[in-house]
Each structure stands twice: as C-alpha cells, then as structure tokens.
Amino acid sequence: MDQSAAKRMTITTLQNACEQGEKIAVLTCYDATFAAVLEEAGVDILLVGDSLGNVVQGKSSTLPVTLDEMIYHVRCVERGTHRVFIMADMPFGTFQVSPQEAFGNAVRLMAAGAQMVKIEGGQHMAETVEFLSCRGIPVCAHIGLMPQFVHQLGGYRVQGKTPNDARQLREDALLLQEAGAAMLLMELIPAVLGEEITRLLSIPTIGIGAGAACSGQVLVLHDMLGISSGTLPRFVRNFMMDADSIQTAVSNYVEAVKLGAFPAYEHTF
C-alpha cells in the first residue's frame, strides 16, 4: 500500500487494502534505527513484540518481558517512523487478571505510540477483547501457537492438527472477531486451517507458519535476516541469503509477501 505521504497508516487503511486483495507485510521491530529502515523498505506493520525477550535480551522465552520494557521499545520504534502502523504485544501477566487491568496497561502502550495491542489467547479472552475495543483500543487477537502459553502447550509445536483442535481454533477466531478484534494473528497451524479461518473472517489475518492464504505475513526480524541463534524454524526464510544489504533483504521480503511468493510450500505445515 502507498506510504508516499507522511500520514501514518491506520487500521482502516489496512482493512481497505486487505479488501482489495493486497497482502500485508509485517515484521517485528524494537528500535528506532531498524524502524526507519523497515518503513523505507515498505513494511506495512511493525510489531513491537515480546519476542524482544529472546532476540534482544537473550532470554529463553517471552515470559519475563515487562510492560515497562515494552513501553520503552514502543517509544523507540515510534520515534523512528512517520507512516508505518505500529502494533505492540501485551506481555505475559498484563492482561489476564481482568479486563479492567488489561485496559489500564493497554492505555500505557497506546500512549507510548502503539496503534493496536496484541493479546494471546482464544475465546477465554473474548471479554477482554470486547472491553478494550469498546473503549477505543484496537486489538489483534493471537491464536494457534501462543509463546506465552509455552509451558501449558508443552513446547513450540504445531497447533490445530486434530479435528477437535482445528474446530476449537475456528470457534476461537469467530468469537474473537465477534468480540471486536480488528485483526487476528495465527501462529504455527496447518496451512489448510489458516485458509479456512481467513475465509470465515471479515477481519485481516496475519500468519506466521500458518500458510500463504492469510491476509498478511509476519516474521521475527532477526529470523528473516538469519542472525538469530540456533536453527531457523521451518516457516522462516533467510532473506539475507540473496541480498547485499538489510534494506534489500527487507524489500525482498515485502515483495515476496505482496506477490504471494512467501511463504512457499516448504515454509508451511
């Protein structure tokens, strides 16, 4: 979508582009310098993710990331951009106690520069999604593999593989949309299920290991640049392999998402 004007994109901009069949390119971002590079390369949404616990802080999970740390990084990203849409994760423990507490914490993220908050959880979070969305806070719901639930889920594994699990995820998606979610992120689910859910919903879907039929795609920045420690997950493509600069790698990612060339078959489940 056109980012030539200095006006910051809105959820309406993204929804309109989605309705016209344009794919949405999303990357995580945690600082002003990378934010400026990613915006210039044409990324539509910068997700200030609690994944910073892994790739910035060197921790083994996202669970220790605090709200104050998220606010700091949202401010950094906001200062480095002018047009791109900014989404922020609500970290573990900041939205589960009550909708009222979630609202107070979400307000702090929005005041720091976020335009949307992302909440992990299925239909049990519908009340919180509704509470926030009715009070002016756009919400992206997150289902499938949820890193904040890693201990409950028994590790990082594909979700929705059985008929019952797939049905549960479809129900979650519909109930979260009904509750007012403006976007849905689906992580590590079979591609056919990602396509089914995308067709069921009227809101944009963002996939990470959820197939090419989603309205858009997201990757962790460090993964797509090939600089994360350890083996890259199956759903990741290292875009630095064929690029001579970070700017080119990110531009190639955006183009691949927009053209539907990423994810390819080998990146799906």
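The chain as shown is numbered from 1 upward.
Each Cβ is built from the backbone N, Cα and C atoms, and glycine gets one as well.
When secondary structure is read from DSSP and collapsed to three states, Ser51 (3-methyl-2-oxobutanoate binding site) falls in the coil class. Positions annotated as 3-methyl-2-oxobutanoate binding site by Swiss-Prot, on the basis of sequence analysis: Asp50, Ser51, Asp89, Lys118.
Residues or ranges marked as Mg(2+) binding site by Swiss-Prot: Asp50, Asp89, Glu120.
Residues annotated as active site, proton acceptor in Swiss-Prot, with sequence analysis given as evidence: Glu187. Other C-beta atoms found within 10 angstroms of the C-beta of Glu187 (active site, proton acceptor) number 22, with every protein chain shown included. Annotation note: Glu187 (active site, proton acceptor) sits in a strand segment as assigned by DSSP.
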Rounded distance in angstrom between the Cα atoms of Asp89 (3-methyl-2-oxobutanoate binding site) and Glu187 (active site, proton acceptor): 14
Nearest recorded site to Glu187 (active site, proton acceptor) by CA-CA distance, among binding-site residues Asp50, Ser51, Lys118, Glu120: Glu120
Set of same-chain residues at least 6 away whose C-beta sits under 8 angstroms from Asp50 (3-methyl-2-oxobutanoate binding site): Thr62, Val65, Met70, Asp89, Pro91, Phe92, Pro147, Gln148
